[in-house]
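Asker: Structure below; questions to follow.
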Amino acid sequence: MLVLDWKKRGTADGFSSVGFILQLFMQCCWLRHGLLTDDMTNITINGLNLVFSAFYISAFAYYQPKRKYLIGQLAAWAITVKAIYTYVDWQIPEDAPDVMGTIAAGAQIASLAGGIYEIRRAISMGTTEYIPASFQFAIFTLILQWFAFGILHGNKFIAAVAEKNLGNEAYKKKDFVTAHSHYDKAIQLDPNNITFYTNKAAAYFEESKYDECIEWCQKAVDVGRETRADYKLISKAMARAGNAFQKKDDLNEAVNWYGKAVSEHRDPELVKKVKELEKELKDQEAKAYVNPELAQKEKEQGNEFFKKGDFPNAMRHYNEAVRRDPDNAVLYSNRAACFMKLMEFQRALEDCDACIKRDPKFIKGYIRKGAALAAKREWSLAERAYQDALQIDPQNAEAMEGLVSCRKNNDEDPSKARERALNDPEVQKILGDPGMRLILEQMSNDPGAVKEHLQNPEIFAKLMKLRDAGVIMMR
């Protein structure tokens, strides 16, 4: 071989490395395509080619006194291959093999162009004696490919992968009968490959034969466990079973299988899907529990206990009524009244807000909100609640009495109110907040700043609490 001539001459300047680099690039592309498609023939042949190419380039570099161009080309090759692999990884799994195949085909064309470039370069430099070495490299590579293919062609494993690939082609054409036939042959040739089982399950899924899909997913999981397959492949089979259960509207089993898949391989998209399904399942259970007629009966029983002064039992029935009819404003109002009797003013206030949210015209929601706020000695906010009630019914006696009471309590001795306020844990918490202290200092230096802060509902509520407590004065 003319490789030996490089040693005799002590130089390989007349022989270009472009052809080697492009061959190497093409082989890397086809190898990645083989890995994406589980094509063992492709993987084996291009793996051997890469080993041979690496040896040949090493020999070339050894006898090449000027290696900087070769090193630059190898660096460019490595960066380009890495960029292409990354780009393919960004594709959705179903499209990745096709994208990689297109790139590999382009690389093969570039490799042929590299051979033409090498011949033209040799002619232009007057070093045509090096052309046979290039042909030797190409012919030896081709012989190696056919030799490897001949050894592997009779292998059952390779035949099984070939059947799987034929099944995939039929699957893409929606010819599921043919696809199943090829997948069955692949399984017969190699019963330990989990991919054949998951592909067959995928075909059943596309046919809307969800029970069969689930059955084959289970078989895939069993085979995967026995052969210690990649956990990602086992997770994929479990997730496909989850998809089938979801199509059957069996959300409990779907969540169960998705959960198994996530425990096998924590795919972020699958984790998100599990959370969404769990929420949907809870919503369905809550809707199935809703029964306005039973809610009315529970409310009436709660009212009976309320009249007897048995507030814990009244609360038990009101809670059940709310669960049975969660959009009924009256139920929240009744429960708020019960919370007031049990001295749980904050929870009463929360139920009043829930009542008003569901029916803004229901006056009792505002009246009971005013009472809850008054019980917490938040007089200004209580006044506002009673005023809102009077907007609905200006003649409502209960709202008018509540408003008068709030205003009277707001006019008590400031020194006593301040002393009481400083013992109030809520006031202490507000005054201990560095942000609120900064706001109070700003308001002290610039009274006009209060208007800006009153636009924030949270700050407004805290300022009203401090005003009601006599800690600050506001007009």
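Using N, Cα and C of the backbone, Cβ positions are placed for all residues, glycine too.
On a predicted model such as this, the values are computed, not experimentally measured, just so you know.
The following feature annotations were taken from TrEMBL:
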| type | residues | note |
| --- | --- | --- |
| TRANSMEM | 45-63 | transmembrane segment |
| TRANSMEM | 70-88 | transmembrane segment |
| TRANSMEM | 100-119 | transmembrane segment |
| TRANSMEM | 131-152 | transmembrane segment |
| REPEAT | 160-193 | repeat 'TPR' |
| REPEAT | 295-328 | repeat 'TPR' |
| REPEAT | 363-396 | repeat 'TPR' |
| DOMAIN | 424-463 | domain 'STI1' |
Asker: When the repeat 'TPR' (160-193) is classified with DSSP, how many of its residues are helical, how many are strand and how many are coil?
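Answerer: Helix (H, G, I), strand (E, B), coil: 27 helix, 0 strand, 7 coil.
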Asker: Taking only the residues in the repeat 'TPR' (295-328), give me the average pLDDT of this model.
Answerer: 93
Asker: With a Cβ cut-off under 8 Å, give me the same-chain residues at least six positions beyond the ends of the repeat 'TPR' (295-328) that come close to it.
Answerer: 286, 289, 334-335, 337-339, 341-342, 358
